[in-house]
Every structure is written in structure tokens, then in C-alpha cells.
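Features of the protein shown, as given by TrEMBL:
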type	residues	note
DOMAIN	3-89	domain 'Acylphosphatase-like'
ACT_SITE	18	active site
ACT_SITE	36	active site
DOMAIN	200-276	domain 'YrdC-like'
């Protein structure tokens, strides 16, 4: 039996790295722990030499797709008698040594839930998991834990908390985990600051305003976006006047590549960037 202490630096927080290590450790039957630090991820694993070699191999080969290990340092220590493997409380302080993941586009599984009328997150715009969703924009400080993000004011409901603690699910230790019951909500305000509608009615009301040529200020996770219907010449002209941007191009949103190709002829390189 031997014990390894492993320090990992790089993009190893906000990508499901601790849950990943937890699963392979449990699968291989090794004891130890893993925790976030300001400089990356620290873990200790204990087992026989052959099993630990396999653990290190799987760590490299099966790591989460969004993760990047910039450096790995391993120390061999005397066995400590770990009985199981656990995720420990994060360690505060120290030098910053991680590359935090940028916000990531909604994954296929979350989109499936979003469009499923039978799912509890049906049409919930803040759906996310360890594979997608906000990261960089919601972080106040490191290490990357819910208490250190703007999500700390939203206390998880029993169902979300159960997902957060379930090692078999993709929301195991997903820090921004939320649902319509406990997470952020959609609210539509008038230009005078009065509440006009909430939840799905807020979305429906915003769409009606856009279709009528109105301008909507959408509060996203990183600030406000001013929206108008790009097909309404008058709306675009008014937005240009308000922003003082007579000639500079605006960003235009499309649902998918099929819709995009109705208005433009993107190159293969542009398609790769848009779908990355």
C-alpha cells in the first residue's frame, strides 16, 4: 500500500473535476480525498501500486472534456489508512494557479430538459450542469464554490440539493445548480421600473415587445444587452440613435445554422467558431 499526494493546476475548477475524481476513486476502490484550492486541485489517494497506476492513467485519459491540466506534481507518502474517498471542503488562500473556464454554451442534455414539458426545468432559462453554464462571469473569488459566486444568495431546494450530492448525476457538485423553485427568475419591468410580468409571461411579454418594434434591456449573467428585432428597420435605427452607433455593426443572434444561412454565407472556419 502507498499514498500519493497530487497537485493539479490548470483549468480544473468549474469543469466537474472533483466529481470525476470521486467517481474513478470509488470505481477503483481507493481511499483518500479531493478538494479545491486557490491554486488548483489537491488530492490524496491510497491503494496498492497497480491500482494507483491505473488511477493516474484514467485521470489523464478520462478527464472532463472542458478541463486542461497545465501541471501535475506527485509526492509519495506513507499510508494514512484512508477508508473511503470523499470531497472535502475547499481550501481558502494561497497563490492563484488555476485558469477558470469561461461561460459555456448549454449542453445537449440541458437543452433536452429545457424543451421537455414533463421535466421540472421545462423552459427554465437558467438550466445548467457540470458540463455547461456560467463560470467566469459569476465568480467573485476563488476557489470555485457556490459560496464564492453570485449564486450564493439562492439556496438550493431539496431536489437540487439531492442532485448536487448524487455522484451518479451530471449535477454532482454543479455549483450554479438551480431550478424554477429555488433559482433566479425572469421578471419583466416597464421603463418606469414597475413589474409587468414574471416567469414565462415575462418571456412572452418581451417577445411581444420585440415583435412590435420595441427595445428590451435584457439582464444577463454579465450585464445588460439591448435587444431589438433585426428585421425591423425602424427599431434598429432607433437603437443606433440611442447608442450613438450610426455605422458600427451590431451583433445579430440566430437560432441555428439553418436560419443563419438564410441571411449569410458563412465559411467553414466561421461555422467552426460559431459551433465551438
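Including glycine, each Cβ sits where the backbone N, Cα and C put it.
Curation plays no part in TrEMBL annotations; they are all automatic predictions.
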Candidate with the highest Cβ count within 10 Å, taken from the active-site residues 18, 36: 36
For the domain 'YrdC-like' (200-276), residues assigned helix / strand / coil by DSSP: 34 helix, 10 strand, 33 coil
Please report the distance from the Cα of residue 36 (active site) to the Cα of residue 18 (active site), rounded to the nearest angstrom. 8
Within the predicted model, mean pLDDT of the domain 'Acylphosphatase-like' (3-89): 94
How do the residues of the domain 'Acylphosphatase-like' (3-89) split into helix, strand and coil according to DSSP? 25 helix, 37 strand, 25 coil
